[in-house]
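*Asks:* I have a structure here, written as structure tokens, and I will follow up with some questions on it.
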Amino acid sequence: MVEVEETSKFMFAGLSDVSISGDIAVEGEINVPVGTPSQDKKYSTLDEPVKDTILRDLKAVGKKFVHVMYPKKSSALLRDWDLWGPLLLCVTLALMLQGGSVDSKEDRGPQFAEVFVIIWFGSVIITLNSKLLGGTISFFQSLCVLGYCIMPLTVAMVVCRLVLLGGSWGFSFIVRLIVVTASFSWSTFASTAFLADCQPPNRKALVVYPVFLFYFVIGWMILTFSPSA
């Protein structure tokens with residue numbers, strides 16, 4: 001034990017007299033990984049005015065409407081999904097379908113809550129069906145696509161309301177039939193164009209069929225609508 005202590009003293013005997021001079025330049029630098037103020041300001045929206053936030057969201061919704069009107073295989077609706085556009089379209093369509101009448105007073109047209117529930121419940125069922133069949137799309141992405149693709153049918157509803165204001169019943173029905181059929185085909189084609197790449201190749205037909213029924217039901221409600229007297 002004594003020999004070990006003497007050996008260690010001999011090895012480190014001169015270290016106590018070693019000092020680093022202030023004239024010796026120390027090379028290298030230490031960088032702290034802190035984001036620059038410009039980057040933090042660029043990606044932060046906490047201090048953004050409410051007006052700018054609303055305008056940015058409205059522009060995003062408008063771009064998605066353009067994608068639906070010119071459907072093609074794109075990930076725009078899937079990448080930046082939101083539910084503001086589908087909510088706006090659903091409320092607008094439900095308000096225009098409210099108050100319809102048919103032959104008897106007991107059997108009235110669909111009310112606001114009925115249309116609202118049919119649209120959202122149908123979208124949820126189609127989304128669950130897509131997920132169970134092995135689709136790679138998320139739940140809210142599917143709701144976004146299905147909701148935005150109601151836009152052609154909403155436009156058809158506006159046209160049908162205008163046609164019903166004048167003209168004979170036969171002429172107005174033919175015009176409404178053409179408009180609703182074109183809008184139904186557009187909605188179905190647009191939704192399948194966005195959802196095609198998210199489904200297994202051998203199960204695409206099983207995904208498209210519920211989408212077809214979903215927009216067919218909405219189109220049928222629009223076609224059979226007649227304003228109350």
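Using the three backbone atoms N, Cα and C, a Cβ is placed for every residue, glycine included.
According to TrEMBL, the domain 'Yip1' annotation covers 70-221. The transmembrane segment feature in TrEMBL is assigned to 81-100, 112-133, 145-167, 173-195, 207-226.
Surface or core, plus neighbours and distances: that's what I need for these features.
*Replies:* Packing against the transmembrane segment (81-100) from elsewhere in the chain are residues 57, 60-61, 64-65, 108-112, 115-116, 119-120, 123, 138, 140-141, 143-148, 150-151, 153-154, 157-158, 161, 218, 221-222, 225-228: each is 6 or more residues past its ends and has a CB under 8 Å from a CB in it.
Long-range contacts of the transmembrane segment (145-167) within the same chain: residues 64-65, 67-69, 77-78, 81, 83, 85-87, 89-90, 92-93, 96-97, 119, 123, 126-127, 137, 175-176, 179-180, 182-184, 186-188, 190-191, 194-195, 211, 214-215, 218-219, 222-223, 225-227, each at least 6 residues beyond the stretch ends and with a Cβ under 8 Å from a Cβ of the stretch.
Outside the transmembrane segment (173-195) by six or more residues, the chain places 68, 71-74, 77-78, 130, 135, 137, 142, 145-146, 149-153, 155-156, 159-160, 163-164, 167, 207-208, 211-212, 215-216, 218-219, 222-223 with a CB less than 8 A from a CB of the stretch.
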*Asks:* Across the domain 'Yip1' (70-221), what does the mean pLDDT come to, as a whole number?
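*Replies:* Per the prediction, mean pLDDT sits at 82 for the domain 'Yip1' (70-221).
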*Asks:* May I ask for the residues of the chain that lie six or more residues beyond the transmembrane segment (207-226) and have a Cβ under 8 Å from a Cβ within it?
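*Replies:* Those are 93, 97, 100-102, 109-110, 115, 118-119, 122-123, 125-126, 129-130, 133, 135, 146, 149-150, 153, 156-157, 160, 164, 176-177, 180-181, 183-184, 187-188, 191-192, 195, 199, in sequence order.
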